[in-house]
Amino acid sequence: MENSHVTVLEIDLNAVKINLNYFKSKLYKKTKIVVVVKAFGYGSDAVEIAKFLENSVDYFAVAYLNEGVTLRKGGIKTPILVLHPQKCNLEKIIEHRLEPNIYSVNLLKRFIEISRILKLENYPIHLKFNTGLNRLGFTKNDISEISSLINNQNEIIVKSIFSHIAASEDLNERVFTLQQINIFNSISKEVINLLNYTPFKHMLNTSGVLNYATEAQFDMVRLGIGLYGFGNDEKHTKKLKSVLTLTSIISQIQTIRKGETVGYNRAYKATTTIKTATIPIGHADGISRKLGNSVGYVYINNKKAVIVGNVCMDMIMVDVTNIVCNEGDEVIIYKNQQHIEALAKASNTIPYELLTAISQRVRRVLKSC
Ligand SMILES: *Cc1c(COP(=O)(O)O)cnc(C)c1O
C-alpha cells in the first residue's frame, strides 16, 4: 500500500543538481565524481537520487551490500562501490556487479578465492588504505602481500586505491590532514610500482573538496552530504541549496490550563494557560528525544513553535500560544540547512545524523521544479 503519512520529506532534485554543479566548479573537469548514496541517500531516497544523477556522475558508493542491490534493482547501471563489505557478502556483491572496497588481507584472499571459483576476469575492486582515521584499511606494511596476491592472477583488477580523511572539515587539523595526504601519496606510489598499472586514486569527501581540492584531488572525489546542501561550515553551506524539507500538519490544538501537564512523564507543567499543537511526527520518525522540552522547534505560519514536553514515539506537541493557526495547517519540521544545523547543535549532534535518522515511515516526495 502506498505511504499515506501526512509527514513528508520533500526532496528538491533541482537543488541537488545545483549543488553538484557547485562542487564540479571547484574541481578539474577531468576529476571523476563518486556520489555517495548510503543510508537511503542520507535519508532522502537513494534510487531517486541515483536515477536523477546517473548521467552526470561516474560512480555511486554505498556502505553495504543491500544498499547496492537496491540501486541495481532500481535500474542503476553505473558502477557502484560498496564501501563496507563483509567476507560473507562477496558472492552477492559479484552477483549484482557491485565493486567491493577490499580493506584487509583477509578479505582480499577470500575475494581472490571466490574470483577463481567463479572464473572472473578483470573484476574491478578498490583497495582502501588507512592513513590516520583508523577505521578500515590496509596499512603500508600490507603492500608487499597485496601485490604478491594481485600480481599472480588475472581474475581481479584494482580499479582504484583510496583513503579517507579524519577531519577534512576542521582546519585546525590541517597539519594532520596534510600528513594523511602525504602518507597516501607514498602508499600510492608504492602500490602502483608493484602493480605495473595505475588505478584511480581518491581521498576527498565533501569537506575534503571544499578544503583540500588543491592538495588531494587525485582522479576522483566522493561526495555525500554536500549534495544535500551541507558544507560542514556556515560559509560553505551558505553557497549550497537547501534540498530537504520535512513537513507535517497540525492534528489537534489543545488548551492547557495553569497546573496541567503535557505529554509523557508530565514533563511540561503549565504555569499559565498555553495553547499547543499536536503534530504527527515523533522519535520513531527521527525526531530525537533530545529535542524535547523546548530544545527543538518547528515553524508554523512562519513562526517558531518550541517542542513542549517529551518527544513521543509518534507525536510532538509544540507551543502555539502566540501563533494564529488551525488544525490542518502546515508545520515545517526541517525548514532548511540552517534550521537543521541549529537543531543538530542543540541536540549535540551533526546534520548527518538528523538526515539519516528520518525513518522510512516518513513519506518521500520529489519536488518537481
Ligand atoms: C560517507 C563517506 C563519504 C561521503 O562523505 P561526506 O562527508 O558525506 O561527503 C566519502 N567516503 C567515505 C569512505 C564515506 O564513508
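Glycine is treated like the rest: Cβ placed from N, Cα and C.
Bear in mind that TrEMBL entries carry predicted annotations, made automatically and left uncurated.
Remember, it's a predicted structure, so these values are computed and weren't measured experimentally.
Long-range Cβ neighbours of Lys38 (active site, proton acceptor) (same chain, at least 6 residues apart, Cβ-Cβ under 8 Å): Ala46, Ala61, Val62, Ala63, Tyr64, Glu67, Leu83, Gly224. According to DSSP, Lys38 (active site, proton acceptor) is assigned to a helical segment. TrEMBL lists Lys38 (among others) with the feature active site, proton acceptor.
As annotated by TrEMBL, N6-(pyridoxal phosphate)lysine applies to Lys38.
If you draw a 10 Å sphere around the CB of Arg135 (substrate binding site), it holds 11 other CB atoms from the protein chains shown. What TrEMBL lists as substrate binding site is Arg135, Met313.
DSSP places the residues of the domain 'Alanine racemase C-terminal' (243-367) in helix, strand and coil in these numbers: 23 helix, 45 strand, 57 coil. As annotated by TrEMBL, domain 'Alanine racemase C-terminal' applies to 243-367.
The annotation active site, proton acceptor is assigned in TrEMBL to Tyr264 (among others).
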Worksheet item: Can you count the other CB atoms that lie within 10 A of the CB of Met313 (substrate binding site)?
Response: 11
